[in-house]
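Feature annotation from TrEMBL assigns domain 'ABC transmembrane type-1' to B:71-279. The transmembrane segment feature in TrEMBL is assigned to B:12-31, B:74-97, B:109-129, B:149-175, B:204-224, B:260-280.
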Amino acid sequence: MTSLASPRKATTTSAMDGLPVGATRSRLSQAFVLAGLALFALYSVAPVWWLVVSATKDQSDLLYTNGLWFGEFNLGRNLEQVFTYNDGVFFRWVANSLLYAGAGALVCTLISLAAGYSLSRFSFRGRGLGLAMVIGSFLIPGAMLTMPLYLLFAQVGLVDTAWAVLLPSFISPFSVYLAKVYVDGAVPPELLEAARVDGAGELRIFFQIVTRLMKTGAATVFLLAFVGNWNGFYLPLTMLRGEDKWTLSLGLYAWNLKRVDSENDLTALVLTGSLLAVVPLAVFMIAMRRYWQSGVTLGSLK
Amino acid sequence: MSVTQRKGAAFSAPFFVGFAALFVLPLLYAVHQSLYTVRTSGLGIGPRVEVFAGADNFTRALSDGTFWASIGRVLAFAVVQIPVMLGFALVMALLLDGTRRRVAHRYRLAFLVPYMIPGIVAALMWMYVYSPRLGPLTDLTGVNFFSPALVWISMGNLLTWIGAGFNMLIIYGALQSVPRELFDAARVDGASELRIAVSIKIPYVRGALVLTGMLSIIHMLQIFNEPLLFRNVVPEIITKDFTPIMMIFYEAFDSNDYNYAAALSVVLAVVVGAISFLFYRFTNRASR
């Protein structure tokens, strides 16, 4: 409870103007702070700016004009090239990425909410062990499990199917942990007791009360899972063979490899495709920034 | 156990069934696979048969110089890159904390731009930015970022660029919970902003620094995307056993030695667990 409330309280006290009353800061130190901020902002944004500019250029402008400013505006032609290359396989990759990231995150959120609720609000035998397994498995990162998973999936014929990417994305110990922390703070046990006294079944309590109280938590879990899936590369690279099942990241990687090999230059294709891969995620994250900001901080404070 | 508790336990069943199938089972299967090896009878043209090999794969892994060299390489890399990245993240967070809230929000979003870029796209983009032919950096500085002397620095910069914003978010979150009265008290006593940052703020976020440090080490031990892309450009420097995960990947899909790849995965999981544990113990004692 406290960890949920405290960051927000800190926000309100200093929200008026950021500086505590009576604080006099020298102009020099403020100028220094602003210069530092500008410098880091430049470092963070400049390469993306280069990508945006480059996506509007044709082959010769890429080579012969200043990389940080526009040449002849060719974004339309580049887009057309991306969309039509190889019968529009790019759209296929976008759809796959959305499917793997979206469906994976959705199921993961539901499973994690249920598990988080169970670990937070019930005291069954084995609960402590379960929680220890959840936290302990943070230490075994995904990439280390990928090869063992591949061997297992090869055994049961799941390699090169969408399930090979989807199934691992359903199970996320970190999401369970995050959901548990949220339930600790957002679902009062008295309310559950009251519902039980009124004769509500456990399933009904979960779907009608808990999930409603957990909207913010669920959004955070979903968002972090979605971003993780969207950004995944090693798992799909290991599992997927056929081009029609690839994700955007895999496709762009393959185009980049091809660019080196083939004689017709695919640079503009790779650059414009990369920019397009950024847009949905950036829009999604900016729209939902309220959730992931709280999520990341919350997960770390505990 | 009461009926309610048993029903409550059932809510975590889907997760733990999945956990058993997708975390525990693969590891057990990998251990099983690593106890076997594939022998080809008759001058390599006979049928391939899987035979029990006992601990052979493990003794091979333990004495495999290239494998341990790859772990040493990423650890050496971690020792330099992670402090730089966390230093960046800390300074970013302190700068944000030292300005007005509205300004801070705008800059925070800018700092998080790298976090919004899919990992492989970020790496691809930097490969082009570094490229002597296409990128602006060689024009500006006149150096080749893929030269043997600079390629590690280029990769370190890429990792720092990708990771600093995310770590800043965690550290900044911790900074927000420092009681503001402490700063006022220090100011009344005549402490400078720098002094406040060094003596109050940094000690206060030590927990966040330990956490980000640990996450960064775990991440570094499984690094794959970035060196893979560098390998496309400079394969003679970034060999296929440059990092442990790259070596496992190539052992499996290039040499088709799945059993050995499984053994390496198991050894690597143990190494990561041990390093995380040691780091945790060490930093826990240091901060007490």
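Cβ atoms here come from the backbone N, Cα and C positions, even for glycine.
Same-chain residues lying 6 or more positions outside the transmembrane segment (B:149-175) and placing a CB less than 8 Å from one of its CB atoms are 77, 80-81, 84-86, 88-90, 92-94, 96-97, 108, 111-115, 117, 119, 122-123, 126, 130, 143, 201, 204-205, 207-209, 211-212, 216, 219-220, 223, 226-227, 230, 234, 237-238. When each of B:12-31, B:109-129, B:204-224 is checked for Cβ pairs under 8 Å to the transmembrane segment (B:74-97), B:204-224 comes out on top. Listed by sequence, the residues of this chain that lie at least six past the ends of the transmembrane segment (B:109-129) yet keep a Cβ under 8 A from its Cβ atoms are 92, 96, 135-137, 154, 157-158, 161-166, 168-169, 225-226, 229-230, 232-233.
Among residues of the same chain six or more beyond the transmembrane segment (B:204-224), those with a C-beta under 8 A of the stretch's C-beta atoms are 71, 74-75, 77-78, 81-82, 85-86, 89-90, 93, 159, 163, 167, 170-171, 173-175, 178, 243-246, 249, 268, 271-272, 275-276, 279-280, 283-284, 287.
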